[in-house]
Amino acid sequence: MYLEILKLVLVFFIIIGIMWLKKPLSIAVAAASVAAVLLFQLPVSTAATAVRDGALSSSTIEVLLVLYTLTYLQRMMEDRKNLSNAQLAMNGLFNNRRINVSIVPFILGMLPAASTVIICGPIVRGSVGDELTTEEKACITSYFRHISESFLPTYTTIFIAITLSGGRVTTSSFILAMIPMVILLFAVGWIVYLRKIPKDSGIVPDKPKAFYWKLLVKSIWPIALAIVLILFFRLRVPLAVLICIVVNIFVNRFRPAELISFLRTAFEPKLLISSLLVMIFKEILTATGVVTVMPALFSSLPIPSFLIYALIFFFSAVVAGNQAAVILCMPMAMASLAPGAPGLALFVLLMSIDYVAMQISPVHVCLTLCAEDYGVSLSKMIKKTLPLVTLFTLAVFVYYGILTALGF
């Protein structure tokens, strides 16, 4: 059992080492995948199945489709200066660069698509300027974009987790319980990075507020429409984005020549290949069975049960993704509670830890996209994220104690 964990650590060190050598993420993930197959001595048939599933699964195809369609929509918005106008509108309304950097990615993050982080990038870069390093800008882009993912049931993982709670947790109770944590996430972001950015945008608004509200709506309506289609009409993300593209063609009167050029410029080989390899790597790790070893390892430790489940959730999410951690561990965690006992406190703790793990996981596609978009190494971006998630994690355990004391 300990040998399996040691092998896993070695696989992750391979990723870190290759990226430390300034090699592309795709090479690091590919090397780690090969190393995992060799170290865990996977049969050729098992490894081939994992590669096939990772490359051709519906989730992988959806990730690639969303990445391409959202990039296409981004090219349309850039061509009509929607993103720069959105920043101008925010400056006119609030004249606060910190709001641009935090609230806009948070709102865009309601769209459950990995490549949303790429749309956030230009807005954050334009608002931050040279006040932060490139790694720090990449970090806060990813960080604020993912706050929505910590509690909104539009994300599949949240919905699955609530379903697996066995009726102990409802959607409304979870959202209400997470509100203090969401506020805390914004506060932590301000403490560590946002306070370094001057509030004043340097722009003196020369138009009435109504003008800037209208400009903001005109600038971000395609993303807002996609969010509405997903939230209220339960459409799949690729279909929702495709509808927005079609509507945008007529609203902004794009010419055929423009649409054809976007087909080419929206194709980002580096991002697509990196995303594909991460999905394959994730399947290979699952095939090794190391994820199922973790519960037995941590349950043997002389520590409280809530901490055991928190550790299981954390390492399972880092290795195999947050959805795998939820499916593997949530039923077990809820079953450990006494019949009729409330489970909200434990549920909030585990989902918060699950969220933390995904902010530093090399199998999280969003992180790889953000790192590639900013041209920084994933390891350096994660290093900048560690202070944020460390503060949040400490507060989460305090919050768990408060909820438990209140009978939740």
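A Cβ is built for glycine as well, from the same backbone N, Cα and C atoms used for every other residue.
TrEMBL lists 6-21, 28-48, 54-73, 103-124, 174-194, 215-233, 239-255, 276-297, 303-321, 333-353, 386-406 with the feature transmembrane segment.
Between the transmembrane segment (239-255) and the stretches 28-48, 174-194, 215-233, 303-321, 386-406, it is 215-233 that has the most C-beta pairs under 8 angstroms. Packing against the transmembrane segment (303-321) from elsewhere in the chain are residues 8, 282, 285-286, 290-291, 294-295, 328-329, 332-333, 336, 346, 349-350, 353-354, 356-358, 360-364, 400: each is 6 or more residues past its ends and has a CB under 8 Å from a CB in it. With a threshold of 8 Å between CB atoms, the same-chain residues lying at least 6 positions outside the transmembrane segment (6-21) that come near it are 27-29, 31-32, 35-36, 39-40, 285, 288, 290, 319, 362, 377-379.
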